[in-house]
Amino acid sequence: MLVTLTEVIDGVKGKECAIPAFNVFGYEDAAAVIAAAEQLGAPVILATNKVAIEHMPIQHLGKLLCSMAESASVPVCVHLDHGKDYETVAEAIMHGYSSVMYDGSQLPLAENIRTTQEIVKMAHACGIPVEAEIGSVGYSDPSMNVKACYTEPEEARTFAEETGVDALAVAVGSVHRMEEQTAEIQFDRLQAIQDLVETPLVIHGSTGITDEDVKRLVTFNVVKVNIGTAIRMAFGHTLREEMNRQPRQFDRITLFQRPMQAVQDAAVKKMKLLGLG
Ligand code: G3H
Ligand code: ZN
């Protein structure tokens with residue numbers, strides 16, 4: 001069933017678990033992620049970023065993912081990831097997304113607060129919850145041109161109070177798109193933020209976090225954990241193996257079988273670390 005971010009968050013409040021938001025790019029990885037959630041009988045978030053909506057226009061992607069969510073036997077939230085402007089967020093809502101992230105993390109604090117307030121007003125009027133980011137989670141790839149900066153707990157409090165966002169992404173040591181699990185999470189900073197901020201917290205760039213630290217995250221007020229690279233690697237590396245194993249095969253439906261299973265297995269593994277299933 002298609003659910004909003006708030007419904008997903010309410011389901012994990014007070015429990016030592018968090019919901020993964022897996023970045024998906026089309027039917028195959030979305031189907032594999034939903035299969036993982038159904039295997040564990042747990043809720044899940046399908047997240048689509050700029051790359052995904054540049055590849056498949058948002059009106060098609062929204063219909064596809066919402067339709068898949070509606071037929072799932074578990075709660076599935078369809079989420080816009082790192083929306084960079086008002087128009088993109090509004091378009092996602094128009095096309096059925098049940099959750100949006102506005103990412104003003106590269107703006108000065110006052111401007112991030114002002115633009116987030118405008119988006120919260122519009123999204124809440126449509127019944128859609130909003131995630132925003134304070135501090136900035138950087139990228140392992142410098143060509144992304146994203147300036148990283150850790151979240152200051154006091155700023156997080158001001159931001160949460162003034163914007164009224166439903167979930168708050170914070171920068172506590174993770175880095176987007178790491179292929180190895182070598183991020184160093186600052187649990188003291190996370191605790192200091194949580195001591196001042198009531199809003200449920202979100203961790204981005206979670207592929208780079210060790211399994212042990214992912215398990216530890218759920219003991220904090222972290223309700224959503226974003227994972228992209230881990231399942232892109234599962235799909236891509238397995239597809240390469242399949243193409244090498246079957247060099248004469250050209251039917252993509254056949255070639256996609258094992259990569260889809262690899263995504264499902266990788267998603268199940270992450271969900272178990274997050275205390276689900
Ligand atoms: O917003 C998406 C995520 O933060 C994914 O990060 O690809 O490093 O797991 P990741
Ligand atoms: Zn992210």
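Glycine is treated like the rest: Cβ placed from N, Cα and C.
TrEMBL annotates H82, H176 as Zn(2+) 1-binding residues; of H124, H204, H237, the candidate listed for that same site is H204.
Only H82, from the recorded positions D81, H82, H176, place their Cα within 10 Å of the Cα belonging to E133 (Zn(2+) 2 binding site). Using a 10 Å radius centred on the Cβ of H176 (Zn(2+) 1 binding site) and all shown protein chains, the other Cβ atoms total 21. D103 (Zn(2+) 2 binding site) has D81, H82 nearby among the recorded positions D81, H82, H176, H204, counting only those with a Cα within 10 angstroms of its own Cα.
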